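Here's the structure we're looking at; comments come further down.
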Amino acid sequence: MIKVEYKHTEIAVKKKLGQNFLTDRNITRKIVTESETNPDDTILEIGPGFGALTREISTITPRFTVVEKDPKLASFIRNEYPELTVIEGDFLTVDLKKIAGEKPLRVLGNIPYAITSPILFKLLENRHILLSATLMMQHEVALRITAKPRTKDYGILAVQMQAFCETKYLFRVGRKVFRPQPGVDSAVISMKPKVNDPVSDREGFSRFVRCAFHQRRKTLQNNLKKTYELDRVESSVLKQRAEELSIDEFFRLFEQIRPLMVSSADPES
């Protein structure tokens, strides 16, 4: 069992919570700077741990909200930062609209590797109350989120995130600045929701994207033919693979075939 102690508080590291604590203050300063946080923002920090990032945010504004699942760490943060609102629980079940109130949220966090995708999709679902999110995560996932067409990392995650948010890879973080040290490097990205939703049916678009990438090396024609009536679509784009399409091309194709879904089709099959 790995234990970490800080300011007379010791915890047994829980792998299922993805607990790797950042120790380099230069990096926390850089994260806060990149987030463009200002004193008037409604700020939410995901998983403060021992408060490395919390400390930097509090130099800008002493009052904000943090969500911490580990009871011992939640207690530690309450004692160290009495002006904060500490929500002890799972971020995935938290009501973000209640936290935001009348102002959009600026979210920061060193998020657990194991639940990175659920966190990202929760933020995506709540994008209308999101000002920005500046997040540290596994380096490989950061590359997948910010990937460009015709690259090996460009896939479902890139298209779904970039369709509704401006995403940016900010900087890499080596594994040696964490306790305990993870087996991979991390990276920090930013995501800012687009002003207007490019498609009205996000769930339908999501199904379409998953179907388009179902077998990565196959053409769109082959991946989509069981789900949509493609004989009614005149588009040379169907001869391409999903990884070759830009986000705008995904939008245009979706608008063409959206009404043509086969009623009995299962997009995941």
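A Cβ is built for glycine as well, from the same backbone N, Cα and C atoms used for every other residue.
What Swiss-Prot records for the S-adenosyl-L-methionine site is Asn20, Leu22, Glu68, Asp90, Asn110, and among Gly47, Gly155, Gly174 the residue it adds there is Gly47. With the fewest other Cβ atoms inside 10 Å of its Cβ, the least crowded of the binding-site residues Asn20, Asn110 in this structure is Asn20.
In this structure, of the binding-site residues Glu68, Asp90, the smallest number of CB atoms within 10 A of the CB marks Asp90. When the neighbouring Cβ atoms lying within 10 Å are counted for each of the binding-site residues (Leu22, Gly47), the highest count belongs to Gly47.
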